[in-house]
Amino acid sequence: MEGLLSVALQGAELEGNWKHEGQVEDLQENQESCPEPEAVACKGDPAGDSMQERDEFSRIPRTISSPAATQASVPDDSSSRRCSAPGESPKERHPDSRQRERGGGPKKPWKCGDCGKAFSYCSAFILHQRIHTGEKPFACPECGKAFSQSVHLTLHQRTHTGEKPYACHECGKAFSQGSYLASHWRTHTGEKPHRCADCGKAFTRVTHLTQHRRVHTGERPYACAQCAKAFRNRSSLIEHQRIHTGEKPYECSACAKAFRFSSALIRHQRIHTEEKPYRCGQCAKAFAQIAHLTQHRRVHTGEKPYTCQDCGALFSQSASLAEHRRIHTGEKPYACGQCAKAFTQVSHLTQHQRTHTGERPYPCHDCGKRFSNRSHLLQHRLVHTGERPYRCLQCGAAFSHVSSLIEHQKIHTGERPYKCGECGKAFSQGSSLALHQRTHTGERPYTCPECGKAFSNRSYLIQHHIVHTGEKPYECSGCGKAFSFSSALIRHQRTHADSSGRLCPAPTPDSTPGLSQGGETCQQGCPGRNPRGPAED
């Protein structure tokens with residue numbers, strides 16, 4: 001296994017190095033283009049060590065070697081393909097080899113006039129100069145993309161052909177480049193040779209380390225040309241640019257919904273598969289996304305890492321903090337397209353839009369009543385269960401809704417935090433203030449569909465509507481007479497009151513007609529009772 005990794009790494013090194021078989025063509029093209037002022041005589045690709053490396057590369061098994069590499073015809077006259085350094089005779093064109101034998105480093109006689117970088121071979125120097133000139137002489141015939149080196153074109157063309165000549169012996173996965181295979185192989189060995197000097201985190205690929213280092217340095221070299229937002233890596237920039245272009249290249253095969261990011265598609269597909277791969281170790285609750293599991297764990301730990309700089313409020317989620325911050329800024333970025341009403345949260349906008357569409361997607365399974373909001377359904381369910389989980393600590397009164405408890409507690413505190421700006425009248429509830437303010441504005445938003453009469457309060461409309469339906473839901477327990485309004489029932493019940501002002505109870509089979517509970521005669525002439533006084537003997 002180690003032998004395979006070394007071979008793969010050899011192939012990766014050769015593939016990433018300028019001494020690659022594909023670059024032989026580049027160097028042969030460059031052999032007559034060395035700078036004249038330096039009297040450089042480029043006679044082809046450097047041999048020596050590079051020939052030995054190419055021989056080793058050609059011996060890599062076909063499962064991890066490039067067919068082009070094994071079939072390439074490489075001339076053997078390596079001695080005639082050395083580049084002579086300035087002022088060198090052909091017999092003296094290996095100064096670096098003698099220095100290496102003595103333990104010294106190779107000479108680098110070709111120096112870039114733009115950046116000062118030096119090279120041992122003029123061909124490498126010429127390839128480097130294309131960085132400054134921007135020259136890209138190798139163009140892809142399929143898409144027209146151009147490259148500065150033919151080896152880069154060869155690698156690129158595999159994106160069109162789908163060729164993946166480097167296969168993993170362990171799992172069979174294939175790759176278009178040897179360096180990708182070498183990196184992949186580390187998933188089997190667990191090797192992470194590239195370690196961050198700042199935090200000690202290790203990575204399988206040097207590119208991953210380079211990207212990670214930007215977390216410490218704050219470097220964001222990839223900037224969006226449209227909005228100037230900067231990113232640490234190029235892939236993040238490409239994904240971001242889809243926001244501007246509207247491109248959604250990842251489509252769900254089940255429902256055809258499209259996404260900008262492949263990760264978003266993967267998360268979405270779990271809706272269809274119902275896969276929940278992320279499980280909480282404490283309560284075994286499972287989640288489709290790891291971010292949701294991370295947030296859920298804070299329920300157990302009580303961790304609230306996000307702090308509001310204005311008021312010090314703590315939050316377990318960054319999104320909750322962002323929404324809270326709008327209380328201080330007054331920002332309402334989500335506007336309704338029909339009435340222009342704005343909201344601080346997109347969920348509030350979604351709920352509001354249902355007032356226009358009439359959509360009520362949450363049905364009660366007990367009575368069939370439907371609701372536009374899930375929280376309203378949960379509150380309604382308490383009607384069926386009779387549960388009153390919210391109890392007042394001062395008087396013991398219990399409530400089915402926490403909002404009802406909060407309003408009730410103001411009875412004990414006397415708090416009236418909602419004050420009318422017109423007349424200064426204060427209220428304990430915001431809804432009471434809203435109703436009161438309509439007395440100043442004259443607003444009557446509730447209209448009867450039968451007769452068009454408008455009301456400032458929804459409850460007034462409900463009471464009024466009984467006039468049209470003829471419904472009489474309020475019945476007198478004393479005489480059975482029914483009324484449309486509770487106020488009418490209260491007025492009627494006063495006709496049954498005894499001399500002390502107490503209401504007469506409903507007659508029972510065992511009670512004496514015409515007598516109140518205290519034995520006094522009913523003075524108001526209830527049906528079936530004696531209005532004239534006690535019964536005669």
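Using N, Cα and C of the backbone, Cβ positions are placed for all residues, glycine too.
Look at Swiss-Prot and you will find 63-77 (among others) tagged as compositional bias 'Polar residues'.
Positions annotated as compositional bias 'Basic and acidic residues' by Swiss-Prot: 89-104.
Among the features that Swiss-Prot reports, compositional bias 'Polar residues' is placed at 509-524 (among others).
Annotated region 'Disordered' per Swiss-Prot: 12-109 (among others), in sequence order.
Taken from Swiss-Prot, the feature region 'Disordered' covers 497-537 (among others).
Residues or ranges marked as zinc finger by Swiss-Prot on the basis of sequence analysis: 110-132 (among others).
If you look up Swiss-Prot, you'll see 138-160 (among others) marked as zinc finger.
Taken from Swiss-Prot, the feature zinc finger covers 166-188 (among others).
Per-residue confidence over the zinc finger (222-244) averages 91 (mean pLDDT, predicted model). What Swiss-Prot records for 222-244 (among others) is zinc finger.
Look at Swiss-Prot and you will find 250-272 (among others) tagged as zinc finger, backed by sequence analysis. Proximity of distant same-chain residues to the zinc finger (250-272), defined by a Cβ-Cβ separation under 8 Å and at least 6 residues beyond the stretch ends, is recorded for 239, 242-243, 288-289.
According to Swiss-Prot, the zinc finger annotation covers 278-300 (among others), on the basis of sequence analysis. Tertiary neighbourhood of the zinc finger (278-300): same-chain residues 267, 270-271, 316-317, selected by CB-CB distance under 8 Å and a gap of 6+ residues from either end.
Annotation source Swiss-Prot lists zinc finger at 306-328 (among others), citing sequence analysis. With DSSP classes pooled into helix, strand and coil, the tally for the zinc finger (306-328) is 11 helix, 4 strand, 8 coil.
The zinc finger feature in Swiss-Prot is assigned to 334-356 (among others); the stated evidence is sequence analysis. Residues 323, 326-327, 372-373 of the same chain sit 6 or more residues outside the zinc finger (334-356) yet have a Cβ under 8 Å from a Cβ within it.
Same-chain residues lying 6+ beyond the ends of the zinc finger (362-384) with a Cβ under 8 Å from its Cβ atoms: 351, 354-355, 400-401. Feature annotation from Swiss-Prot assigns zinc finger to 362-384 (among others).
Annotation comment: Swiss-Prot describes 390-412 (among others) as zinc finger. Only residues 6 or more beyond the boundaries of the zinc finger (390-412), in the same chain, are considered here, and those with a CB under 8 A from a CB of the stretch are 379, 382-383, 428-429.
Positions annotated as zinc finger by Swiss-Prot: 418-440 (among others). Residue counts for the zinc finger (418-440) under DSSP (helix as H, G, I; strand as E, B; rest coil) come to 11 helix, 4 strand, 8 coil.
Applying DSSP to the zinc finger (222-244) sorts its residues as follows: 11 helix, 4 strand, 8 coil.
Residues in the zinc finger (390-412) partition by DSSP class (helix H, G, I; strand E, B; coil) as 11 helix, 4 strand, 8 coil.
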